[in-house]
């Protein structure tokens, strides 16, 4: 009986054991170096053969992990390692493949092209490729010089012309007065030369005795008592320079002192002198002093004397000034009373103050002091 049982079952056991041992000793297939991992949600018995389907679209609801054989060798670093859990592997996403899309640009816009005037035509210059600009938009070619933009006309070169013909008259350019940009109708006030400028806060450095004509002996510096240089007296008396006239007044006498610019000395010519107008110069410091001395040296009229009042303190003050002046000059009694006698004993010009409230034309205020 036992023999019969061994004969029945022994054959099955013997056939079963060699197959088991041969399966253990069989080495793995050399051509397959990857492992298929089933989905963690599916039971082991439900894992079937994985279908190798190539698709360029990505399905989001799909939960089955795709086969690793679909990735290239350089993309293997994006796959999860074997040591990671199945839950972390299920949360990984496939890499997104970006598709290159072409866009259609608008029609080309013709822009004006500047062509220099050196004779270089626009057709000689080469066109630049669109790839050099990095935008992909082609640059419109330079086809014709019709669309060029002409440069603005050149301004004429400013030149000084000092030559003239003998029979022509030179044009004298007078400087224009300064005009304020805030109020173009209002001219800026003039300023006196520092030699003559005086105000409430400082006195002018000049000291001139108007009894005598202006000279280096009587036109001196008030502090050092030295003569004022001739080049300083030749400078313009105002800023900006005055080319027409300058009106000066004083509280001690009623006559205005009008100063006009002096003309330049005539030139020497051989033969017939050309008919040219005298060159006009601005009013200088010496012109102002000469005009002041000439105005105050005029004799007074009977009407001007009577205007002081017969026997009035003003007449007696002028009479004493007349006697003092004749004694200082050593004569001049027959000349009678002059306008300078209205100053009394204050015959020293110590400054000129510009009247800010005066109208256009320049009115200055003369300031005198005692010697």
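Quick reminder: no glycine exception, Cβ is built from N, Cα and C everywhere.
Just so you know, TrEMBL annotations are computer predictions that nobody has curated.
The compositional bias 'Low complexity' annotation in TrEMBL covers 13-25 (among others).
Taken from TrEMBL, the feature compositional bias 'Polar residues' covers 78-91 (among others).
The compositional bias 'Polar residues' annotation in TrEMBL covers 98-110 (among others).
Sequence annotations record features per position, and here TrEMBL assigns compositional bias 'Low complexity' to 117-133 (among others).
Taken from TrEMBL, the feature domain 'DUF6699' covers 206-354. Across the domain 'DUF6699' (206-354), mean pLDDT in this model comes to 89.
Under the heading region 'Disordered', TrEMBL lists 1-155.
Taken through DSSP, the domain 'DUF6699' (206-354) splits into 46 helix, 35 strand, 68 coil.
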